[in-house]
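In TrEMBL this protein carries:
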type     : residues : note
TRANSMEM : 77-99    : transmembrane segment
TRANSMEM : 111-133  : transmembrane segment
TRANSMEM : 231-253  : transmembrane segment
TRANSMEM : 265-284  : transmembrane segment
TRANSMEM : 305-329  : transmembrane segment
TRANSMEM : 349-372  : transmembrane segment
TRANSMEM : 401-420  : transmembrane segment
TRANSMEM : 426-449  : transmembrane segment
TRANSMEM : 461-482  : transmembrane segment
TRANSMEM : 488-509  : transmembrane segment
TRANSMEM : 516-538  : transmembrane segment
DOMAIN   : 517-566  : domain 'Cationic amino acid transporter C-terminal'
TRANSMEM : 544-562  : transmembrane segment
Amino acid sequence: MAPVETPSPEESAGARGYWRWRKDDFFPEPSFASWAAYRAALGATPARLRDRFTGRSTDAAELGALRRRSENEMRRCLTWWDLTWFGFGSVIGAGIFVLTGQEARDHAGPAIVLSYVASGLSAMLSVFCYTEFAVEIPVAGGSFAYIRVELGDVAAFIAAANLILESIIGKAAVARAWTSYLASLMNKPASALRIHTSLAEGYNELDPIAVAVIAVTAALAMLSSKGTSRVNWVASAVHVLVIAFVIVAGFLHAKPANLTPFLPYGVPGVFRAAAIVYFAYGGFDNIATMAEETRNPSRDIPLGLLGSMSAITTIYCVMALALSMMQPYTAIDRSAAYSAAFGSVGMRWAQYVVALGALKGMTTVLLVGVLGKARYTTHIARSHIIPPVFALVHPRTGTPVHATALVAAASAGVAFFSSLKVLSSLLSASTLFIFVMMATSLLVRRYYVRGVTTRTHALRLVASLLLIIGSSVGIAVCWATSSPRRWQGYVVLVPAWAAGTLGIQLLVPMARTPKVWGVPLVPWLPSLSIATNVFLMGSLGKEAFVRFGICTAVMLVYYVLVGLHATYDVAHGACAGGEDDMVAAPDVHKAGAGSENINML
């Protein structure tokens, strides 16, 4: 298809300005030019799906052509210091202060500390994968961009759908928790500040305060990335002081007897809780989206990501232990655990300090969350999966104002209706699924390069990956369904996982090495990341997968009706700048060794 004669992005920007609301700003692709064109595009859906299944992006396309579609550059103004505090600000919030009490009471008991250890180790494995990609491909798209390069266009859409779902639900969950802690600060029940209705359980408490908090943090994020960083690190520093107080005061009132029984719900309860509290670690991927605004990504991203997450994992485990030793697990408050715990030991004044600190922490989680997720959304819009108007960067602020508003508006709508319990399990399923895709992408990146990897080695890599993923799923299913926990399945499945990993190491030569920083012990650490994340997914309840499946199905319908045709047009040069976007079927673009990952088979 020949490229359409259209003005350059710079000419268009100068003519139209930043605020655009015309149809062509949302759907500039030829497939949506008229109803006749759209009907023709729908008729070509099978062929276009085949094309997009084999389509791959490149490092160069993500760093070049896609970034130019924002018309204005994001400002490179962040350092490792900013990223480290973004790590604290994006992670420590509703998870530790709310989910700890909920999961200790309902699933893990005092062994909630082991749940944080398990989820923390799994999170650190994913952090390694994110760090290598963020150093190699420093763009705002985060895991969406990485998966698009290594696994292709359709896999990237599935990731994008879950990223958008995660961003909306994550902000909504934190905003709901913010309201609960504000009520605690005012000596009221957790739901006292919400509007009670006769709607279905889980959706019957309307939360206008959560909507207001989302709006305020989004407005701040629109103004300046560096200004947001300053606000975040000051607030996070204060928050760390509150956490230090919680830990010290908690252990001063600790009673070892409260740790008995340590496993009231057994080992399955520990892993069920670990799958839920994984939400408390989920914000670290926001740091990867800041790569495009980082002055020295190869140095600053490893320091910011690995440094902050190591410290946060330790903090979470110590805080969970302090809570478990302050009260019997049966007395822990599900909604405002730490505030209620201090009230129970006679430190009623301390519950206000804790509640205020929790509010500060959740505010920074919302602030950094909208900052990071807006950048995800920006890069997704650059690919035209969603309307490209949301890819635009404001010329004065250097921030993606449209994308920020989109994320905030959707999150506010969900937060207004849905309870934290409904949100947290769905969020964990989405997050864990993306992390599995990330670890798989890293293995593909290291062991497959078009023009270097032979067909035989590619087949061995595919077979080994299928064995790793299949055995990981089998272990998770075996754990979830065996009663009592039978050992026979693990005798087969664990060695099968090890064989798949060893197969990659011994039978597939490494085709690419990182330029600056890389994950150690490849393929073992990425393979272990796949296994642990799949295992935690298997520990979630049935309801989480039902909601996850419904949401994913709805998004796939959107892809077939809209996203598929938009990305097809762009990949084949039918839009301005599309000819530079090397996302096409294997027979469309040919590249030399190491320049493009297309199709392993």
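The backbone N, Cα and C atoms fix where each Cβ goes, and this holds for glycine too.
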* **Listed stretch, out of 111-133, 231-253, 349-372, 401-420, 461-482, that has the most CB pairs under 8 angstroms to the transmembrane segment (516-538)** => 111-133
* Any chance the transmembrane segment (77-99) and the transmembrane segment (231-253) have 3 or more Cβ pairs under 8 A, given the pairs are 6 or more apart in sequence? -> yes
* **Long-range environment of the transmembrane segment (349-372) - Cβ separation under 8 angstroms, sequence gap at least 6** => 86, 88-94, 97, 142, 167, 170-171, 174-175, 177-178, 181-182, 184-185, 213-214, 217-218, 220-221, 225, 228, 231-232, 235-236, 238-239, 242-243, 245-246, 249, 283, 285-287, 289-290, 336, 338-340, 342-343, 404, 407-408, 411
* To do: Would you mind splitting the domain 'Cationic amino acid transporter C-terminal' (517-566) into helix, strand and coil residue counts from DSSP?
  => 40 helix, 0 strand, 10 coil
* Asked: To what whole number does the mean pLDDT across the domain 'Cationic amino acid transporter C-terminal' (517-566) round?
  -> 86
* So are the transmembrane segment (231-253) and the transmembrane segment (544-562) touching or not, going by 3+ C-beta pairs under 8 A with a sequence gap of 6 or more? -> no
* Asked: Which residues, given as numbers and ranges, are at least 6 beyond the ends of the transmembrane segment (265-284) yet have a Cβ under 8 Å from it?
  -> 87, 90-91, 93-96, 99-100, 102-104, 106-109, 111-112, 114-116, 118-120, 122-123, 126-127, 130, 166, 170, 173, 305, 308-309, 312-313, 316, 365, 368-369, 372, 424-425, 427-428, 431-432, 479, 485, 535-537, 539-541
